[in-house]
Amino acid sequence: MALIVSFIFLVECFLIAFFLFDNLWNKGITFKGGISFGVLYFVFIPVLVLISTGSIPVSQIDFSQTHLSDVSLTKDIKASFILIAYLFSIVLYLYSDYIIPRKKVEIKEYNPRLKIFFTIYLATLLVIFFGSGLLQGGNWYYNRHQFFEKSGSFAVFIAFILNASKILIIGALIHSWIIDKMPFNRFLFGLMVFTIFDMVISGNRIYLFITLVIVSLLLLKKYPVKVLKVTPVLAPFIFLLGYLASVFRHARGEIFIHGLPTPQFIYINLLNAINIEPLNFTKFFLDISESVNVNVIYDIFNRYDNILYGKTYLKTFFFYVPRSIWPSKPESITIMAADAFGSTSLVTTMIGEMHMNFSYLGILFILLLLYITEYLTQKLIKPSFFSSVIAFFIGVLIFRMPYSDELIVFFIVTGIIYLSSQRVKIVCKR
């Protein structure tokens, strides 16, 4: 039976990978491309390790205090078939355009307002800085955590605006490069400075990661032969970068423990992080893909029976209501998963969240959710290359992160785009 499970997983992996590159060549960067990449990276890298080694172990360094179980290829057959069913629904969604072709969408010109996006980013960042007691020194990550706890919905909303502005800045920079408004070297330097700065300040690697993915895919489409030629040369550097990004999670909590760090202090903490997690090829692939998310999915299939009936999706519409007014306001899916499996926060991915809310009906409902979300990305932002970059970003984020949070971020993105366009129109009329 394990052989049958492995074979079906490999077929689904091939179908999704084929779609990703076929879609890239024919349509470019799209929402569906983001979903397909998210599935390949966050699900299939761990699954391929499962097939080749027979298990996906839970990291004892990061999750020894949880009740999560190792995934076994031979013992978790039922859960594997449930995952296969969810992946099959995603395959159906991805290939639906091949079955029922859609009308071609007319691409329109749009000039992103980079200065406005950057101003919003700086303004919200300053609110978080001063709200977290930047001038008082101390542990930055701890102070920021305290600010979010004390300020409630206001702080969360500011964080959503900050995340939306990040996506818009990254999208605007990529747009400037693609239309030859910005030379590649200048574009890459600016993009890396911004995303690495944001990663260090926020402690979150996902925006840097998705940015690198988008740029890599666009380079592959633009210069396929050149990219294939230099890939073997760049592979060791990419491997090293991925490893350092992975071990950064061990260093980030210590870097700001005494306020702003010196370069030497950063270096020492990175060395300590490397000592905590020495380089190991199998563990490398599990860590970069955050394989514990798959452990969470399997435990949800095997052990979670408290159906939420869509409760976590309501957060999109009611997150701003203070808990003092609505004490039973739905928590984020990451908190609910953590309560179930013994942690402070656990990522379920879109698949795990859907199953926690609707059990086996989630296999069908995930199709509906994907169609609705794609429809929103097409209707709320005018079709353009810039909007396609935003859609890819949202596709990866809603698969990996809590759906309701990223949908709020997307709504804020559309609001900022609309308001920035209106401001430009008013200025032009004057």
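Cβ atoms here come from the backbone N, Cα and C positions, even for glycine.
Values in this document were obtained by computation on a predicted structure and should not be read as measured data.
According to TrEMBL, the feature transmembrane segment maps to 6-25 (among others). Outside the transmembrane segment (6-25), and at least 6 residues removed from its termini, the chain residues within Cβ reach (under 8 Å) are 32-33, 36-37, 39-40, 44, 47-48, 51, 73, 80, 84, 87-88, 90-91, 94-95, 217, 220-221.
For 37-57 (among others), the entry in TrEMBL reads transmembrane segment.
Within the chain, the transmembrane segment (77-95) has long-range Cβ neighbours (under 8 A, six or more residues past its boundaries) at 1-2, 5, 8-9, 12, 15-16, 19, 23, 32, 35-36, 39, 43, 47, 71, 297-298, 301-302, 351, 354-355, 360, 362-364, 366-367, 370-371. Sequence annotations record features per position, and here TrEMBL assigns transmembrane segment to 77-95 (among others).
The transmembrane segment annotation in TrEMBL covers 116-134 (among others).
The transmembrane segment annotation in TrEMBL covers 154-175 (among others).
Annotation source TrEMBL lists transmembrane segment at 187-218 (among others).
Summarising the annotation, TrEMBL assigns transmembrane segment to 230-248 (among others).
The annotation transmembrane segment is assigned in TrEMBL to 358-377 (among others).
Annotated transmembrane segment per TrEMBL: 384-401 (among others), in sequence order.
Feature annotation from TrEMBL assigns transmembrane segment to 407-424 (among others).
Long-range neighbours of the transmembrane segment (154-175) within the same chain, counting only residues 6 or more positions beyond its ends whose Cβ lies under 8 Å from a Cβ of the stretch, are 112-114, 117-118, 120-121, 124-125, 127-128, 131, 147-148, 181-182, 187, 190-191, 194-195, 198, 207, 211, 214-215, 218, 319-320, 385-386, 389-390, 393-394, 405, 408-410, 412-413, 416-417. Highest Cβ contact count with the transmembrane segment (407-424) among the listed stretches 37-57, 116-134, 358-377 falls to 116-134 (criterion: pairs under 8 Å).
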